[in-house]
Every structure is written in structure tokens, then in C-alpha cells.
Amino acid sequence: MNNQYNWNLEVLLNGKSLADNFTELKQLSEQEKALYDGGACFQTKAKFTEFLQLQEKIEVLENRYSNFLSNKHAENSLDKTINDALFQYEMFKSEHALVFVDFEKNLFKHEKVIRAYLQDPALKQYQRDFELVWRNKKHQIDPASQKLLAQISPAWNQADKIFNVLSTADLNLQPVVYKGKTYVINAVSDYQSLLENKDRGLREAAYKVWLEIYWPTRNTLSVSLVENYIQLETFAKLKKHPNYIAKTAFDDEIDVAFIDFVYEQVASFAPTFKAFQSLRKQIYKHVLKLDKAQPWDLSVPLFKASGDYTIEQAQTDALKILAPMGSEYLEVVKEAFRERWISWLPDKNKYTGAYSISNVKGLDHYFILMNFDKTRASLNTLVHELGHSVHSWYASKYQTQNLDPTIFYAEIASICNELLLCYHDIINYENRNPQQLIRSLMEQISHFFGATTRQLMFSQFEQDTLKLIQQNQKPDFKTLVEIYGKTAIKYQAANADAITKKLKQTKYQKSLAYITSIPHFYAGNFYVYKYAIGQVVGTLVGKKLSAGDSNMLAAYKRFLSSGSTLPPLETIKLLGIDLTQPEPWQEAHAELKRWIKLVQTAFKQLQHKKR
């Protein structure tokens with residue numbers, strides 16, 4: 001791979017070998033154990049300060065080492081040297097945890113004296129870290145149970161491991177046969193490629209085979225998912241929480257009722273979702289010259305640009321699109337390009353998605369992995385991931401602790417950049433190029449509903465399934481599909497009677513079987529509803545920044561710079577947005593409706609043009 005288009009991960013090793021970094025990490029770890037000495041480090045302020053400073057040194061080294069390993073693994077999942085190093089690192093972490101099994105107990109025991117130490121301005125930066133531990137005081141597990149849990153931790157998440165095999169190696173990836181030609185399928189994404197093909201017959205054939213992917217393993221996947229939820233419920237109760245969702249809400253420093261509030265706000269988008277789906281089908285019917293748009297027609301790219309889109313073009317366009325962020329922000333983006341923060345190109349055994357790294361304390365390169373496909377879609381991916389990386393840059397510049405944003409609001413920075421791309425397109429294409437305006441807005445509207453309506457349907461499915469488990473029921477595949485199917489009534493304005501009838505049909509059940517294969521459900525964190533938060537806030541911020549709102553720009557820089565130093569909803573309030581009130585949700589909904597009207601106008605222009 002051309003070094004120009006590959007990331008410079010070697011900077012993470014500080015000029016040393018991988019083995020030398022691991023040796024240093026183990027040596028520092030031994031020093032940490034000796035200094036900790038069963039809680040002796042809390043007995044004097046001097047020892048306490050020395051312990052914190054050593055922990056920081058270890059954290060920085062560990063961030064560098066673990067990021068190097070995880071990124072090299074993403075670069076080539078079959079690299080034996082890296083896989084061996086990852087295994088050794090995981091074993092080291094597990095053994096290390098046993099020494100600190102009573103760490104929280106000692107923090108609670110020495111809370112009064114630690115609070116006194118933290119009055120020193122030099123130590124004030126650590127205050128939030130300790131407060132987050134102390135608020136868990138009533139949820140602590142006794143030391144004996146904690147030690148037992150640490151010892152059996154390798155046996156945890158067996159349902160997750162079974163799911164990973166079922167959803168990868170054991171997937172029913174059947175070839176697509178069409179007009180005597182066999183299309184070999186190596187990954188689920190291969191079906192998507194065929195669904196984007198110009199040949200409608202091939203698309204239909206691919207769609208029908210795609211429906212069968214999860215059908216043979218539907219019952220096993222269902223058992224795996226339910227057992228995963230039972231484990232999560234059990235661990236939550238072990239920590240004296242009412243249930244798994246309540247535990248996640250506690251960890252996020254929110255009232256559990258806020259989750260239901262989000263459900264109701266997104267449910268109010270349902271009529272707009274239904275109207276957009278109708279408009280979308282009309283557009284596909286017109287552009288593709290169809291009698292009726294079918295499910296296998298709706299993935300075909302509309303109005304694709306001709307010719308290859310280059311990485312250099314993407315870099316130039318990204319700088320134009322992100323101009324409303326100001327000169328400092330743009331300089332960071334230029335640094336990302338110049339200092340090779342980005343792994344650009346697809347490669348054999350490379351992770352197929354895109355991400356920006358986390359655990360960034362002590363780093364000065366905030367790496368991005370992507371798979372540039374020579375289309376403008378990669379520009380959207382680029383600005384999205386740059387949003388995360390520049391967020392890391394700002395947090396690192398202004399905070400010494402609590403740098404990484406929580407998943408609760410992490411997507412705001414990336415969605416905001418996507419919106420700047422959308423508004424850039426509106427300015428360039430409105431009343432000039434209806435085809436490209438439709439393409440851009442259709443993508444953005446679909447992303448909006450994907451992050452709100454679709455993710456809330458997933459989240460509602462999780463909540464409803466967990467309620468049955470809390471009632472000592474074990475839902476089977478049929479029950480899970482019924483739960484998911486009925487979420488369309490609330491979030492997509494689907495007809496209740498029609499859904500009830502369709503749920504009795506095998507074909508419809510097959511189309512919903514993927515609900516048992518969502519990896520997010522195994523994360524151990526009830527979080528998919530949070531995508532709606534990122535989308536709604538990102539929309540409001542992006543709209544104002546695009547319009548040149550200097551007050552919002554200043555607020556946005558404060559938001560980026562805050563890291564995770566505040567509770568999540570308080571962090572979002574730095575933007576002047578209170579998500580516990582309906583107004584922000586209504587404002588985002590109004591903007592969504594404005595986009596749809598722009599699409600309707602452009603579609604009329606397109607129809608008039610072709611007469």
C-alpha cells in the first residue's frame with residue numbers, strides 16, 4: 001500500500017519496538033502494584049500523588065500500545081504477530097485486574113481523606129474521576145464476589161462469542177444465480193453491491209437470496225440474544241440496580257425516564273417518515289422508469305457522478321465543506337492529511353468499515369481508518385470521521401483528564417460535519433442541479449431516519465424484550481419478530497392490522513429475521529437510542545454553523561473542548577440545547593420537513609425538465 005495513503009502508526013511506539021513497549025508497560029505495572037500495596041497509597045498525600053502520576057504514565061503508554069495493536073489488527077486481521085501480541089496483552093490485563101480487585105473498596109474506605117487531598121489545586125483535575133466512582137458506592141460488590149467475578153471473567157460473554165461465529169463464519173451466504181451466471185458471495189456487503197446493480201432482475205434475485213441469510217440460524221440467534229440479555233440483567237441486579245436499562249441510565253447520569261421521553265419525541269416523526277417513503281418510491285419509480293418501486297429497487301444509487309473521485313479531490317472538498325468551523329479547525333484537518341492520520345484504501349483482510357480511534361490521552365495523532373471507494377460517498381465518510389478526530393484534538397488540547405467523549409454525545413461532532421456537507425450541497429445545487437440536490441438530500445434524510453426512526457425501533461425492541469425477561473419469560477424467534485414488527489406501528493405510522501397480518505407470513509418474518517443479528521445488542525450498554533441524540537443535536541448545530549452563527553461556533557468549540565468533564569446532558573447544554581425539553585426535537589423535525597420540501601421541489605423540476 002502506498003505510504004502516502006496509509007497511516008503512520010509507528011509514531012505510537014515512540015521509536016521503540018513493540019516488545020520493548022510491552023516490557024515497559026509490564027515494568028510500570030509492577031511499580032503500580034507495589035505502590036498500591038492494598039490501599040497503602042491512600043495513606044499520605046505524597047503517596048497518593050505519586051500513585052496518580054504513575055497511573056497517568058501507564059495510561060498514556062497503554063493508550064499508545066493498545067491503539068497500535070488494535071489498529072494494526074484492523075489493518076490486517078490475520079497478522080499473527082499482532083494477534084499473538086493482542087492475546088498476551090489481554091492476559092496481562094486480566095491478571096493485572098486481580099491485584100486491584102479491592103481498589104474501589106479502598107476508594108470508599110478512604111473517601112474522606114482523598115477528598116481532602118483533592119482540595120489541592122494540583123490534584124483538582126482528578127475530582128470527576130473519583131466522584132464517578134463514589135456515586136457507585138451503594139452499587140459496589142463485596143470483595144469476595146468481585147474476586148470471583150474477575151477470575152471467571154474469561155467465561156463471560158459466551159453468548160457474544162456464539163453470536164460472532166453465527167453472524168460471520170456460519171452465515172448462510174448463498175450465491176446468487178441469475179441468467180445462468182453464479183455470483184459468489186463472500187460477505188453480506190456483496191449482496192448490497194448486487195442490490196445497487198443496474199439490472200433489475202439481478203437485484204430481485206439478490207434480494208430473495210439475501211432474505212435467507214439469517215433464516216436457518218434464526219432460532220439459535222434468538223437463544224443467543226435472549227441469553228445475552230439474561231446475563232446483562234443478572235449483572236445489573238448483582239450491582240444492586242433494578243435492571244439493565246436502569247444501570248445504563250445510572251452510568252450515563254440521566255434519569256431512566258429520559259429514554260422514554262426520547263422514544264416519544266422520535267415517534268412524533270412517524271408521519272414524516274411515512275410521507276418521505278412515499279416520495280422516495282415516486283422518485284425511484286420515475287428515475288428508473290418502473291411501474292412500481294420494489295424493495296430491491298431502493299438501493300440503486302441515483303444520479304451517480306461519472307468518473308472516479310480521488311483522495312486529493314476529497315481532501316480539497318473536505319476543507320471547503322468544513323470552512324464554517326474556522327481556521328483553527330481547518331489547520332487540524334490539514335495536519336491530519338499531512339501527518340498521515342488516515343488509512344485510506346481498502347486492502348485484503350482489512351476492517352471493512354470506518355472509525356476514528358478512542359483512548360487518546362497522551363496521543364498527538366488521532367487516527368482514522370476508512371475504505372475509500374473512489375465515489376463521493378467516501379467524502380461523507382471522511383468528514384464524519386474527521387469530526388471525531390478533531391473532537392479528540394480539541395479535548396486533548398484543553399483537558400488533562402476525561403478526554404474521550406462518551407457514546408451519549410460522541411456522534412454530534414461527526415453528524416455536524418455531515419450536515420455541513422449537506423448544506424454545502426444545497427447552496428451549490430438548489431435551483432441549479434435538481435438531480436444532485438435530490439441525491440444529496442435523499443442521502444441526508446435517509447441518514448436522519450436511520451439514526452432516529454430505525455435506531456429507536458431497535459431500542460424499543462430491546463426494551464420490550466427485556467420487559468418480558470424481567471417477567472421471567474424467554475422470548476423465542478416468533479415472539480422477537482412480533483415485538484420488532486410492531487415497532488413499525490409507532491415509529492413508521494404503519495397500519496396495525498396490516499402489520500398483524502404480515503407477521504403471519506413467512507416471507508415477512510424472513511425480512512425481519514436480521515433483528516436477531518444486530519451486534520450493538522451485545523455491547524453491554526443500552527445505547528442505540530443515543531444515535532438519535534447525535535443526529536438531532538448535529539442537525540441543529542450544523543444548520544447554525546452553516547449560516548455563519550458566531551455564537552454557535554464559540555459554543556461548539558467549548559463543547560468540543562470539554563471532553564467528558566461534565567455529565568452528558570450538561571455537556572450538550574454547552575451548545576445551548578436542552579434535550580429534556582421537546583423544543584430541540586421539534587426544531588430538528590421542522591428542518592427535516594424543510595429538506596423533504598426541497599426534494600419535492602427538485603423532483604418537480606426534474607419531471608418538468610424531462611417533458
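Heads up, the Cβ atoms here are built off N, Cα and C, so glycines get one too.
Values in this document were obtained by computation on a predicted structure and should not be read as measured data.
Summarising the annotation, Swiss-Prot assigns Zn(2+) binding site to His384, His388, His391 and lists sequence analysis as the type of evidence. If you draw a 10 Å sphere around the CB of His391 (Zn(2+) binding site), it holds 27 other CB atoms from the protein chains shown.
According to Swiss-Prot, the feature active site maps to Glu385. Taking the Cβ of Glu385 (active site) as centre and 10 Å as the limit, one finds 24 other Cβ atoms among all the protein chains shown.
The number of other CB atoms found within 10 A of the CB of His388 (Zn(2+) binding site), across every protein chain shown, is 22. In sequence order, Ala354, Ser414, Ile415, Asn417, Glu418 are the residues near His384 (Zn(2+) binding site), counting only same-chain partners six or more apart with C-beta under 8 A. Distance noted between the C-alpha atoms of His391 (Zn(2+) binding site) and Glu385 (active site) is 10 Å.
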